[in-house]
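Annotations per Swiss-Prot:
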BINDING   Gly32, Pro33, Ser34, Gly35, Gly36, Gly37, Lys38, Ser39  ATP binding site
DOMAIN    2-230  domain 'ABC transporter'
Amino acid sequence: MLHLDRLLIRQGDFTLRADATACAGERIAVIGPSGGGKSTLLMAIAGFLAPAEGRILWQGRDLGPLGPGERQVSLLFQDQNLFPHLTLRENLGLGISPALRLAAGDRARIAEALERVGLAGLGEAKPGRLSGGQQGRAALARALLRARPILLLDEPFAALGPALKAEMLALVSEIAAETGATVLMVTHDPEDARRFAHRTILVADGRAEAPQPTAALFADPPPALRAYLGP
């Protein structure tokens, strides 16, 4: 279980409060206006921002003393963070060994991960040769190799067209179900939230609200969400 316990995050004049729980294996959408703090929330969970107050707990353990690399978290950004001068195999290998000291078993795992996301045979290709959808699949494969139980998605598929984005969300859902990962996904698109998540966190007006059932939240949106969605 991931628990945000009376969390307060400060960045200059901006503050964000959160008190929420995500069950192990749950998929949760995070939605709200631009600048509301959605990415800030994910960065705090990943360990890149220290909360001013409160705790972030995973399975009852306080993650506060742990740096980003020590947390059981993988974070995917919109730009995918693939190194253009490295092959896909090397980019994925960084998820296993930052020094790229890869044994035969590691190389086999990389090949399996590429096959799982539909990129079999492209291990020697560099990111510049790939489409946006293929780059998203490669970044997802790297997260899969890290095998962390918490997966944070900061709009990694926002630049894709509707069909490719739906395909990627379906793939993430499949992998999360297979691995039991807890997934928090930032999105601006209500349809993505409906398609992907049973519950949704609304981030607005300096608060990350407790997760609500997605269908019910959009059927009867609170004022902040109604203002965001528009008429």
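Cβ coordinates come from backbone N, Cα and C, glycine included.
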Of all the binding-site residues given, Pro33, Gly35, Gly37, which has the fewest Cβ neighbours within 10 Å once its own Cβ is left out?
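Comparing Cβ neighbours within 10 Å for the binding-site residues Pro33, Gly35, Gly37, Gly35 has the fewest.
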Looking only at the domain 'ABC transporter' (2-230), report the model's average pLDDT.
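So the average pLDDT across the domain 'ABC transporter' (2-230) works out to 91.
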Taking the Cβ of Ser39 (ATP binding site) as the centre, how many other Cβ atoms fall within a 10 Å radius?
19
Using DSSP and collapsing to three states, where does Ser39 (ATP binding site) fall: helix, strand or coil?
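Once the DSSP labels are grouped into three classes, Ser39 (ATP binding site) ends up as helix.
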Specify the count of other C-beta atoms within 10 Å of the C-beta of Ser34 (ATP binding site).
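Total other Cβ atoms inside 10 Å, all chains included: 8.
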Return the count of C-beta atoms lying within 10 angstroms of the C-beta of Lys38 (ATP binding site), excluding that atom itself.
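Other Cβ atoms found within 10 Å: 27.
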If one looks at the chain holding Gly32 (ATP binding site), which residues at least 6 apart in sequence have a CB under 8 angstroms from its CB?
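For Gly32 (ATP binding site), the qualifying residues are Lys38, Leu202, Val203, Ala204, Ala224, Leu225, Tyr228.
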As a test of the contact definition, list every same-chain residue at least 6 positions from Gly36 (ATP binding site) whose Cβ is closer than 8 Å to its Cβ.
Val203, Ala204, Asp205
From the centroid of the CB atoms of Gly32, Pro33, Ser34, Gly35, Gly36, Gly37, Lys38, Ser39, the recorded ATP site, which same-chain residues not already listed sit within 8 A by their CB, in sequence order?
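For the ATP site the neighbour list reads Thr40, Val203, Ala204.
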DSSP three-state call for Pro33 (ATP binding site): helix, strand or coil?
coil
